[in-house]
Amino acid sequence: MAPRIPSIPSSTDLSGQSALVTGSNTGIGFENARQFLQLKASPVYLAVRSVERGQEAKKLLLDDPEVKKKNPGAVVEIYQVDMASFDSVAAFAQKFSEVKKLNIAVLNAGVSFFKYIPTSDGYETVLQVNYLSNALLATHLLPLLKAGAAASGKPSHLAFVSSNMQHMTSLKKNTIKPNENIIDWFNNRANFGMDRYNVSKLLLTGFTNELASKIDSSQVVINSMCPGLVATNFDTNSPWYLKYLMKGVRSLMARTPSEGARALTLAAITGTEGNGKYYSDGKETPSAALLLTEDGKAFQKKLWDQTLERIQQLDPTSPPPI
């Protein structure tokens, strides 16, 4: 059995705070939104690919007995975004900016594929959805989060859903040559591997580390976390033999979506001591060993610089994060 994720402190009260959760019409994103509502957050924004499914999720959330009891005036709003399209992310960001301020953002949307599938933007899907689009969206959300902090007098929170799979990649010290662009290297079909999901979470954690080191934690607390193995349909795109294997593993070890979502909620309510941290099982833990070495830190810095440059190329309206 997986270690138990700590309970959310009973004193937690998110009254007057707004929260955004991406990928929130199902699974741990849905349960994370439910937990925010039960903690009295409002409005809670669901950023989803399908508005119809988002509306179904909204009804389920507002019909939840505990939400009705603890947060009877709760507001849930639906926004459409497809993380496999940079234009969609930019359009969502522009529309969402109308809220003016935000207190909590949990970037949960992600995918897993075991074959190279390009998006309409010409990027490998897992690289784009799990990494580049999350980085792009984060730059758009930071001004809103800073405004939320200024209005509330306490730090806002930006939490990225990562994974312990970042510890298991084929990436080594000299895998990518100094003169090679990291994003282009991973976007090259010849460099695609079965560990692409793992790599995407390594990149996301590296970006999170750099971002957290550059933003004042009294304004925005930034961190990442792993919810662990959760009983969801996340492996829909896996080969049949992996689905069969994971079905057995999940029956023995998987957390419920509600339990997994607690990891997201806990990361999103930490104090400033949680800035730049990586959490697993609801507890602070080291990120991938590669990122902790001097070479890894240099890789992380290079990734940061090249990601910001690429984001500006993809979406010139993206505000500089620092």
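Backbone N, Cα and C define each Cβ position, glycine as well.
According to Swiss-Prot, the features are:
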| type | residues | note |
| --- | --- | --- |
| BINDING | A47, V48, I104, A105, V106, Y197, N198, V199, S200, K201, V230, A231, T232 | NAD(+) binding site |
| ACT_SITE | Y197 | active site, proton acceptor |
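Annotation for S200 (NAD(+) binding site): same-chain Cβ neighbours under 8 Å, separated by at least 6 residues, are G110, V126, L127, N130, Y131. For I104 (NAD(+) binding site) paired with the residue listed as 'active site, proton acceptor', the C-alpha to C-alpha distance reads 25 Å.
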